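Peer 1: Handing you this structure, nothing more for now.
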Amino acid sequence: MVTDSENCEEAKGFKASIFFLALYLVAIGSGCVKPNMIAHGADQFDQSNPKQSKKLSSYFNAAYFAFSTGELVALTVLVWVQTHSGMDVGFGVSAAAMALGLFGVVSGTLYYRNKRPQGSIFTPIAQVFVAAMLKRKQICPSNPQMLHGLNQNNVPNDSGSVFLTQRFRFLDKACIKVEDGTNKKESPWRLCTVTQVEQVKVLISVVPIFACTIIFNTILAQLQTFSVQQGSAMNNKLTKNFHVPPASLQSIPYIMLVILVPLYDKFFVPLARKYTGHESGISPLQRIGFGLFLATFSMISAALMEKKRRDSALDSGKTLSIFSITPQFLIFGLSEMFTAVGLIEFFYKQSLKGMQAFLTAMTYCSYSFGFYLSSLLVSFVNKVTSSSSNRGWLSENDINKDRLDLFYWLLAVLSFLNFINYLFWSRWHSKNSSPMNTQQNEKNGEGFIITNHYGFNNSKSLEINENIL
């Protein structure tokens, strides 16, 4: 009997080129669609309107619900189509779905609230660093009105901007105007506006928050690799004639998201809003933190169950049911509901004009770094735990010989330390995101008035926003 694998020919030359070109196009398309689609949808809401500002949080929940539904369909229906009808049919269905989605987006073009292109975001960022470096010996003025780009009310002349903040004060030197008596206009590479400086400050301040989500996505990588390997070594019979594919376990977190995200938005947010006064129920930073905390318990559950599975297989030769490892997927699904959506909302609301799509794209870079760190971590653990007599924890092809349970415990420890690290940086971000106190000398000579200015369109949002724990 000749099997399909024996008839399968390796793709070479032109066929291989077409195959890899298709993969790269999928990666580029996905990288362009997801962050821009979320940012474009959020742009349809007017944040200066309290009613629409409340709906913005619901939009982020709805957007992630749509993504989760797509992932669930891909891991169940599409896998079934590919298994029974072939990969070509599966790719054809995917292409048809994308074409339908493109038609839906284009059909609403006339009704969208579109923003005009602002140019490259990297040029003004580079200008700030260059100008700050060239003026590193200058002393920042005590009166912020002397900085380039502020009017008499300490408000940036650029509409839609935030106020000067007290973080990273060394970058404010890029706004210092140097008087040389010639009234010659300074180069934009030597003199920047406050808005440009605040863009760079925002970008730097969100990097630690972004970095704290990398470990979270490293855990996601393990659920999509080693946890599937766990399922392959377990009893996957549901009935006499139906077996649960181990790879389908990846759909469990998305089933959780499809169920819980609407419940979260419909019931939890309004209830929490009554107690916190926050338009999103809880702040995005609080939401991220709770998700990172839950991710630790996902790995603890995975470690305990793997120890039980391994001991049962080695000591008594028993094979546990594949459903025994579902708790780790359920907990992670709950964790992802908080972390992933909270991160998208946090990045978008921190963005200045023209930065929304860029910062939203950073959330998806976290996935890439997390999966890359996963492969590095596996290699590092194998190298550290191997000796002359024993190989590493994950060096064998036999899961019963490997010590996957110990690796899960390592991830649980790393996840908890990452959570502690996140608490530090979230508090730091909350403390340093408030606008700088400014002193204005009144013309009537009655002295100084200290005024606090809160950026963004909703002052209440910034006062409450990000007050974690």
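Yeah, the Cβs are placed from backbone N, Cα and C, and that goes for glycine too.
According to TrEMBL, the protein carries these features:
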- 16-38: transmembrane segment (TRANSMEM)
- 59-81: transmembrane segment (TRANSMEM)
- 93-112: transmembrane segment (TRANSMEM)
- 202-223: transmembrane segment (TRANSMEM)
- 243-264: transmembrane segment (TRANSMEM)
- 285-305: transmembrane segment (TRANSMEM)
- 325-348: transmembrane segment (TRANSMEM)
- 357-381: transmembrane segment (TRANSMEM)
- 406-425: transmembrane segment (TRANSMEM)
Peer 1: Quickly jot the same-chain residues contacting the transmembrane segment (357-381) by Cβ under 8 Å, restricted to those at least six beyond its ends, or write none.
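Peer 2: Hits for the transmembrane segment (357-381): 31, 34-36, 38-40, 121, 202-203, 206, 210, 213-222, 225, 340, 343-344, 347-348, 350-351, 392-394, 407, 410.
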Peer 1: Quick one: do the transmembrane segment (406-425) and the transmembrane segment (202-223) reach 3+ CB pairs under 8 Å, ignoring pairs fewer than 6 apart in sequence?
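Peer 2: Per Cβ check, the transmembrane segment (406-425) touches the transmembrane segment (202-223).
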Peer 1: Under 8 Å for C-beta pairs, could you tell me which stretch among 16-38, 202-223, 285-305 has the largest tally with the transmembrane segment (59-81)?
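Peer 2: Between the stretches 16-38, 202-223, 285-305, 16-38 has the largest tally.
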Peer 1: Residues sitting near the transmembrane segment (202-223): Cβ under 8 Å, six or more positions beyond its termini, same chain?
Peer 2: 125, 167-168, 250, 253, 285, 288, 291-292, 295, 298-299, 302, 328-329, 332, 335-336, 339, 343, 346-347, 350-352, 355, 359, 362-363, 365-367, 369-371, 373-374, 377, 408, 411, 414-415, 418, 421-422, 425-426, 428-429, 432-433
Peer 1: Hey, which bits of the same chain come close to the transmembrane segment (243-264), Cβ under 8 Å, at least six residues off its ends?
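Peer 2: Same-chain contacts beyond the flanks: 61-62, 64-65, 68-69, 71-72, 75-76, 79, 223-224, 227-232, 234, 236-237, 322, 325-326, 329-330, 332-334, 336-337, 341.
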